[in-house]
Amino acid sequence: MPPTKDADEKSIANLVEKYIDENDVMIFSKSWCPYCKKIKDALKSAKIEFHSIELDKMDEGDQIQKELFKKTKQETVPNIFIKQQHIGGCDKTLEALKSGRVATLLNPPESERKHKKVDNDDLDSKDADEKANANLVEKYIVENDVMIFSKSWCPYCTKVKDALRSAKIEFYSIELDKMGRDLSLFKLLIYIFIYYLAEGDQIQNALINKTEQDTVPNIFIKQQHIGGCDKTLEALKSGRVATLLNPPESEKKHKKVENDDLDSYDYDLIVIGGGSGGLACSKEARSFEKKVCVLDFVKPTPIGTTWGLGGTCVNVGCIPKKLMHQASLIGEYVHDSVDYGWSQLDQARQHSWSKMIESIQQYIRSLNFKYRVDLRSKGVTYENSYGEFLSPHRLKLTDKKGKTKEITGEKIVVAVGGRPKYPDIEGDQQYGITSDDLFSLKYDPGKTIVVGASYVALECAGFLHGIGREVQIFVRSILLRGFDQQMASKIGDYMSTIGMKFHYQRIPTRLECLEEGKPGKLRLHYRQTLESGEIEESYEDCNTVLFAIGREACTNELNLDKIGIEVNKANGFKIKTKEEQSIDIPWLYAIGDCIDEQTMPPGQPLELTPVAIQAGQLLAKRMFSNSTIKMDYYNVPTTVFTPIEYGAIGYSEEDALSKFGEDNIEIFHSEFVPLEWSICHHRDQVKTMSYCKLIVDKNTDRVIGFHVLSPNAGEITQGYALGMRLGATKNDFDMTIGIHPTCAENLTTLSVTKSSGDSAAQEGC
Amino acid sequence: MVHTISTLDELKGKFSESKDKLVVLDFFATWCGPCLRIAPVIEGWSGEDDFKDNVVFLKCDVDEAEDVAKEYEIEAMPTFVLFKGGKEVDRVVGASSDSLKAAITKNK
């Protein structure tokens, strides 16, 4: 298996140095090695903390082992360093433990000791000596990016703190006037408790010695002395503070690699995101009796829409979408009813948006409740809070009232999903809506322009039209990018034929509100490239504009960069993973819509609930048991619920051609008429538009691509997905007896190939 | 008259007020059809001679008062919890007015 990164020698050497420097006791280990276990046990008994990494579980493990040999001439594990001194393997370390050498290394005589913690012993009298105070001051300055020595009553101190808060710059301050004889507990953001008994005055003296400034506030940023209130406000304004806090890439030091001592975590697993993936993963983890916490929080849309537990699928995705799709199908059946003998249904046909929304929202809210109860009954702690990373194992939680708290997790799964994108034009967030708003919209959308050609755009346009609203679709270039394009264009043909207007090469430029209201009157300005190549600027008036131009992962407010995780800016800001594990940090994982996963087929975003669920469950099994079953992202069946549904498994024709070559594949296809439509006059124009094709690898006869455009394509495709998973051949399909009369049976009787040039129209029964 | 409860404190207050009287607490949700259907029935009972002096009727929206719902482990709506002296003596799950009436009659 090739390494995930092109880790070159130098960066491996740096990585090894980092581990040695940042841990008093560092063990390079392998998970199956009995000597490694032996020495770890011995250290645990001696109550000596250590950090170990398992080289067999790391992609760059081999390279690290090579580097260690280079450095120490030792090629075995465990390879142990104490306070940056190479000790050796298990035997040598046991010996050093026994002889007291380990103890001496860990606790050198007083003069050599660098202060980490300040102990009570140093300062237990009123006359705490100057050195101790100076050390204390240094400690504050070193351990806080922005350090303010302050006094509680001082207005300039308050002024500069307010300014920093508005600039969203975190700081730490101590109030010198409040420091006295009584024990004051100061908990730094990321560090350990400090107890001390010192006079504020003496701190102030130490500051005078250091900076020649005798007033408060006395402010340090990244260990640089800035000055008082005025100087700091100036530095804020000039951008100097920003530069100090965010130095150029090359100067960034990696944060400390944290100790993996089990006792120090609040939870075995924290899952960020209570959607399809997050909930499945957390519940599966509970079956291994782990302590699990799920965080879920919905940031409202620009117009204020919000929803409960369950994620996108339940609240603003699959569930309401399918129900609205069904609403529109029922409208079609009412048209069909005439030819089946029903009278008067068609004339009386009316659709109430608010009634549909009420029914759907009631169901969704019952699901939100059900999920909360489910988590509780399975013993998962649920926090309705927004989580942000403070350090690789620590999260800050903010609830809807603004209250915060911190929790730590040994393993963390990011399952934050995604949200719809806005086009970044004037008026887009103010007057436009997205699918996040549509499914609970409190007023009838009326005449709607859908901007986009994604499956979300086409599905929404489809059901809006089906329930009787006038719909126009603005398409920038092609329909359903990433999907089989022949099928995409057939969907477009069907939708146009039933009355939806597509406008190609049309890009919105500005959204204006002509009249407020529910719905109001909007004017969408656009730029259109005509066939001649000319560019035309014009506008279209409507009641609602729905933007469905794509989605982005919700990763930009998690502080991922703070912990060294990079997101893929070119791919929806998704987190890069391999087998759902972060390629940057080994105890951080991610699943679902927010990941850019290496083992997924390229170019095919699999932002689907069942994918997230399966990945989440398998991941939990791998994290907490010795399961090695990986997620298989190939042959995932999908369905687009446009007015005529489209189901697909495996390769699109374009991908099959490019991967296998024209000579190696055969495509079998057929048009067909759904029996139920054959007697309906209102379906005359679209009757023959149902279609299916199988893409076959000539060399093996295996079916590598399955495509069906038909009513109920979702149900049809699910059944055939089992066959595809088992490696069905074209012969298997042919030898499977069809059920008559159905649409699904057409896949068992395909004989016409594309290469023959013969017509694919169906003949007789 | 059915009083609405939104917090555990309010509920405890009602318990002390009611002393030894039977307290019937209706846990409902605004999105729950059966809850909406049985509500007027209970409203009616609260004014009837049979009940108005010896039974206290309360109701609680599980979304608005999450901690009360959590305290009594409500998993389905409607759930009627019957109390005497602040302690649960019976509970009825589901919108069956017959079962509820029977439970009330038995415990009052």
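Note that Cβ sites are derived from N, Cα and C of the backbone, with glycine treated the same way.
Database features (TrEMBL):
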type     : residues        : note
ACT_SITE : B:Cys32         : active site, nucleophile
ACT_SITE : B:Cys35         : active site, nucleophile
DISULFID : B:Cys32-B:Cys35 : disulfide bond
DOMAIN   : B:1-108         : domain 'Thioredoxin'
SITE     : B:Asp26         : site 'Deprotonates C-terminal active site Cys'
SITE     : B:Gly33         : site 'Contributes to redox potential value'
SITE     : B:Pro34         : site 'Contributes to redox potential value'
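In this structure the alpha carbons, written CA, of B:Asp26 (site 'Deprotonates C-terminal active site Cys') and B:Gly33 (site 'Contributes to redox potential value') are 14 Å apart.
Among the recorded positions B:Asp26, B:Cys32, B:Pro34, B:Cys35, the ones with a Cβ under 8 Å from a Cβ of chain A are B:Cys32.
Around B:Pro34 (site 'Contributes to redox potential value'), the same-chain residues at least 6 positions away in sequence with a Cβ under 8 Å from its Cβ are B:Met77, B:Pro78, B:Gly94, B:Ala95. Taken together, the residues of the domain 'Thioredoxin' (B:1-108) have an average pLDDT of 92. Cβ neighbour count for B:Cys32 (active site, nucleophile): 20 (other Cβ atoms within 10 Å of its Cβ, all protein chains included). Annotation for B:Cys35 (active site, nucleophile): spatial neighbours B:Asp26, B:Phe28, B:Ala29, B:Met77, B:Pro78, B:Ala95, criterion Cβ-Cβ under 8 Å with sequence separation of six or more. Counting every protein chain shown, 25 other Cβ atoms lie within 10 Å of the Cβ of B:Asp26 (site 'Deprotonates C-terminal active site Cys').
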